Each structure stands twice: as C-alpha cells, then as structure tokens.
Amino acid sequence: MSWQPQYRSSKFRHVYGKPASKEKCYDCVPITRNVHDNHFCAVNPHFIAVVTECAGGGAFLVIPIHQTGKLDPHYPKICGHKGSVLDIKWNPFNDFVIASCSEDATVKIWDIPKHLLTRNITTPKKELLGHVRRVGLIEWHPTANNILFSSGYDYKIMIWNLDSQEAVISQPVKILDVHKDVVLSMSFNTDGSLLATACRDRKIRLIDPRAGTVLQVASYKSHRVSKVLFLGNMKKLFSTGTSRWNNRQIALWDQNDLSVPLLEEDLDGSSGLLFPFYDSDTHMLYVVGKGDGNIRYYEISPEKPYLNYLMEYRSHLPQKGIGMMPKRGLEVSACEIFRFYKLIPSKSLIEPISMIVPRRSESYQEDIYPLTTGAQPALTAQEWLNGVNKGPLLVSLRPGSGAVNSLPLESEPLLKTNDLSQQQGRGGRMPLEDVQKPSETEDSRKLLKVEEKLLKNEQVCLTNGFDVFECPPPKTENELLQMFYRQQDEIRRLRELVNQRDVQIKQLELELRNVCTGT
C-alpha cells in the first residue's frame, strides 16, 4: 500500500478574503427587507444594482461602481414595478441593460444611461407579460444575445426573445411546463444547451430548453435541494439544500447519472440558505451562507475526492444577499480572482470582499488568469432558437489586451486589426474565436506594409491598448498601478514589433543583395 500525503499541491491553497476599507464600501443604502431567497444584488464593471425598500411598489438602485461612500438619501431609483422586486440581472453582453422581475407578475427590461442618474426611471425599455403569478427568477442565456428565461409561481419557465421591436411582449417563444411546484433555482451549462433546475418538490431536473423535454430527474430523498449549479465543463452539477435532520448540506452529481450523488456533506445546523458560485477559470467553488457571514471555498477536481476544501472567510456581520463581479471587472494587478459584494441590511452597507491569491510579483500572473468569458455574444437569438450551439467567446485579462468591454465598438475592422497586431507582437493566443490567423505564405514586403498600417491605426485610435475616451483618469493607487502595468506591457509589445521589423528589413536587404549578385 503506497503512502499518500495529507496535503495536495494547488496554486489556490492560500487564497484569502480581503474586505474593502470603509471608504470603498457603499454606505447608507436602504437594502430591501424582503425574505425572498435571492441575491438582491447584481454587479458589472460599470454599476452595482441592489433591490431597495420602497413604499407603494418595488424599486432598485443602480449606483456607479466607483461611487463609494455615503449614498445620497434622495438618490434616484428605478421604480416602475407595482409590486416588490424579487430578482435583478445585468445583461452579460451590454453593461447598460438590466432585467428585473416582480410580484406584479411582470418582467421589465431597463436602459441605464451612461451619465449619472438625475431623476427616477419609471418607463422600461420592454415589458414582458406572460406569467399569471409573481415572477421570482430571471436568467440571461450565457452565449446567445437577448435571450431571457423567467420563472414564476405559476410553475412555468418562459423563454423570451428580446430582439422583437415591440415594447410590450406578451407571447414568449417557448413555455417549459414540466414542474409541479415553484422553481427555486436555474443554471445553464457552458454553451446554454442544457438547463438545470431545482424545484420545491425536492427534485433536480435536467432540461433541454428548446425541445422542452426533461432529460433526467434526481429525486434523492435524503437531500432536499434549494439551489443547483452547473460546474462549467466538468460534466457535474452542484447543489445546496438540507438533509433529513435539517442540517445545511451540499451535494455533487454526475451530469449523466442523477440517481445518486457522487458526494454529499453536511456543513452545519444553521437555517439560512446556501448560495453557490463557480469560477470555471480557476475551478474554484464558493458557498455563501445567507444569514451568516461565512464564505467557504473549495477546489473542484475531475477525479476523487472531487471536492477539496480550501478555506473559509469568516465575518461577524451576516449577509442578506450577495453580488458577484464578472471576471473582466477584477483587479488583475492585485491578483484578485473573485469579488463579492455583501449586503448588510443591519448597517445599510454594501461591502466588497476580494478573493486574492498571495503573490510577491507585481507583474501579470498568466497562470491564474486563463482566457475567460468575454462580453461579446457567440450567437444571435434566432441562431440559438434554430438549434445552433456555440461556446462563449474568450478574451484575455492581460492589461492592454482589449476586448473586455461590453460596449459595442464603432468599427469592427479596427478591432480585428488591433487583435491581429497584438497576436503578431506577442506570439500568443488569439482572445476571440472569430479572429483568423494570417497566412504563413504571405510575402515579407506585404507583412511589412501591413504592420506599418497597423501601427498608424493604433496611434490614431488607441493609447496604451485602451480607449482614452472610455477610461477615466486613475483615482486610487491600484488604478494607477494598473495603468502603469498597461504602459509597461504596451512598451514591451512595441519593442517586439520593432525587433521583428528590423529582422524583416535585414531579410529584405539580404534578398536584394542576392538578386544583385545573381544579375
């Protein structure tokens, strides 16, 4: 019998949670007192949205991400719902569009202005009318543009195509009527071809959303599920719930066999819900407890024991809800791999918590930042409805690499030529799937001319790899450091381009000399 060590090697063994300082928190925020089991918070690189208390209807706040400190008590709200707001989600491909659902049985789509709000917004961009009872959950499709899923207390899941020109949409493109009770959670696999749901009847269902058929059902009696989550491309599902003895419990399932869980583990005897979050880039799983201040985190592996406990972030302040920043909004200069936004209603406070990998080097750590999901859709809504499946478009988080913004660019050819020049300068991987590699049989003179044109384009439109009109001047030390690293990377890249051009010039001189001697 071979001896095996008790520890395992992992670059994320020493990840720790770092709460933000008081100046970087959001204070005096009237967080909702609703007891619905949802996050009540949605975050993207531009805004943080949080459901708030409001007399006579439902409302939520949208605060610019850098506007920390005390919030004005008269700060404008988005308040078009007639009932309490139960869930809010940002569009993953447009940072200025947010969806909300409410007890008034409607789903509304809102356009958020790029400038600061000066008055309440009461008129939505679109209104979705189809549910007959309150709507408790909404989810955007992970790869198709303008596809939204909503789930209500009428036990139905509705699929909406927002490409429609109508302001009021009353007919969803598909209705999934396969549940016998309220749907508590929805989760997509990586390309959005499968939907996993957790229902109040204690069953997990794996559904083909376009066909409307249930592929598998898990009805394991000793695990009463409340939340379910796809674990990226690991072919596994993760669920949280309670055991027969009302202990909080987690379980891991094989996507192809939901009869018995691969793993189940009791955590504690608290009564609060457990929210799972998965980072497919680092294979790290975070379990956040509602009603307590703890965040447990694990590392997922494809072989046994599958779930490897790393550490636990502890706090004496309990969280009502939680928000999560997308990877493209993290501070890579500080080795930040995840960021939570913790709602603390007892103090009317939103506290950012950064999960950090301790590293001594201040340069970009490529091993902890692989290519990640970008802000460009892989499919149109109609393509997905027609049966096309496609994984998300991937981008690099390296400062200055571009392609991490969700705003529509004005000129597509410029984007492609910029990516091409970075690929030629670094000799690395392309961040987007649709960018093609240059032909290796091109004449060296043509390559030289193309590179000169690319350099001219970059000098005209870009500075240090990003748009100077979109990025505000640095206000904090971390922002200043990040801009410094961008400039260093840009200088390094330009030096490599100059060296390549020098080599090509020498090759052309040698060819010219050979031609002269031959004649």
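Positions of Cβ are set from backbone N, Cα and C atoms, glycine also.
Under the heading domain 'DUF1899', TrEMBL lists 5-69. Among the features that TrEMBL reports, repeat 'WD' is placed at 78-112, 128-170, 176-217. Among the features that TrEMBL reports, region 'Disordered' is placed at 407-444. The compositional bias 'Basic and acidic residues' annotation in TrEMBL covers 431-444.
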Long-range Cβ neighbours of the repeat 'WD' (128-170) (under 8 Å; 6 or more residues past either end): 36, 38, 83, 86-93, 99-109, 176-177, 179-188, 190-192, 195, 197, 209, 373, 377-385, 390-392
The repeat 'WD' (128-170), counted residue by residue under DSSP: helix, strand, coil: 0 helix, 22 strand, 21 coil
Rounded mean pLDDT for the residues that make up the repeat 'WD' (78-112): 94
DSSP residue counts for the repeat 'WD' (176-217), split into helix, strand and coil: 0 helix, 22 strand, 20 coil
